[in-house]
Amino acid sequence: MVKFSASILGANLTNLEAEIKRVQPYIDEIHLDIMDGHFVPNLTFAYPVLDAVKRCTNLPIDAHLMVTNPEFHIPKLLTIGVDRITIHIESTVHINKLISQVKETDTEIFVTLNPGTPLSAIEEVLSDVDGILVMSVNPGFSGQKFIAKSLEKIKKLKEWKLKYGMDYYIAVDGGINNENIQTVINAGANILIMGYGIFKNDNLENLSRTYRK
Ligand code: DX5
Ligand code: ZN
């Protein structure tokens, strides 16, 4: 099973509703990058945009928190309602507490790590989360180049899953395109988050038919 998640940061934001409706038949979920200008060098979407996105689609929404104070935003996101919250391991010293907070609700919880953060940083929470998101670019922008070393992390996560009988999604975010998508899937990813790969793809229908299962 491979799901496509559309990162709206890669969309033409002058007409977000039309963009979401255009790609909707070919994707499984919407990925919303919440950046605060501190954790990453960019500012993006917050609650009003989340509200707007919810009004134009029924697809599940993943909120990818790239902020220095996730504890402040999690209650608000849970109140507005998202289907998944993804937290950076580098952004908190209380990951266990935040995971528990989200797990008290129906919202899925994913933990993510930057390209320079070793997998050992998230080992302790593997059995507590619904999924791990491997960042395959340094977070902040759409349209960057896939960092090939991320493939090792994806493979390792798949290996651990089988070895220890754990059940978590392996998501990958950043730089996935027509050329490397098969390699990312082969490594073990089952949620592919794509900005340019979805919104700036001339042959999205074909890509979706071939790889989305
Ligand atoms: C990067 C974001 C990604 C980004 C992906 O910080 O987390 O979701 O929008 O865009 P592409 O697929 O274009 O690299
Ligand atoms: Zn993202």
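Start at 1 and count along the chain as shown; that gives each residue its number.
Every residue gets a Cβ built from N, Cα and C, even glycine.
Look at Asp33 (active site, proton acceptor): DSSP puts it in a strand. If you look up TrEMBL, you'll see Asp33 marked as active site, proton acceptor.
Summarising the annotation, TrEMBL assigns active site, proton donor to Asp173. With a 10 A radius on its CB, Asp173 (active site, proton donor) counts 26 other CB atoms from all the protein chains. Asp173 (active site, proton donor) falls within a strand when secondary structure is assigned with DSSP.
Per TrEMBL, the feature substrate binding site maps to Ser7, His64, Gly140, Phe141, Ser142, Gly143, Asp173, Gly174, Gly175. Annotation for Ser7 (substrate binding site): same-chain Cβ neighbours under 8 Å, separated by at least 6 residues, are His31, Asp33, Ser142, Asp173, Ile193, Met194, Gly195, Ile198.
Annotation comment: TrEMBL describes His31, Asp33, His64, Asp173 as divalent metal cation binding site. Long-range Cβ proximity for His64 (divalent metal cation binding site), meaning a same-chain Cβ under 8 A and a gap of 6 or more residues, is found for His31, Leu32, Asp33, Ile34, Thr86, Thr112, Leu133, Asp173, Ile193.
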Quick tally, other C-beta within 10 angstroms, Gly140, Gly175; top of the binding-site residues is Gly175
Expected list for ligand 2 (Cβ under 6 angstroms, binding-site residues Gly140, Ser142, Gly175) reads none
So His31 (divalent metal cation binding site), by the Cβ count within 10 Å over all chains shown, scores 27
Three-class DSSP assignment, His64 (divalent metal cation binding site), comes back as strand
For substrate, with binding residues Ser7, His64, Gly140, Phe141, Ser142, Gly143, Asp173, Gly174, Gly175 per the record, max Cα distance (Å, no decimals) returned as 17
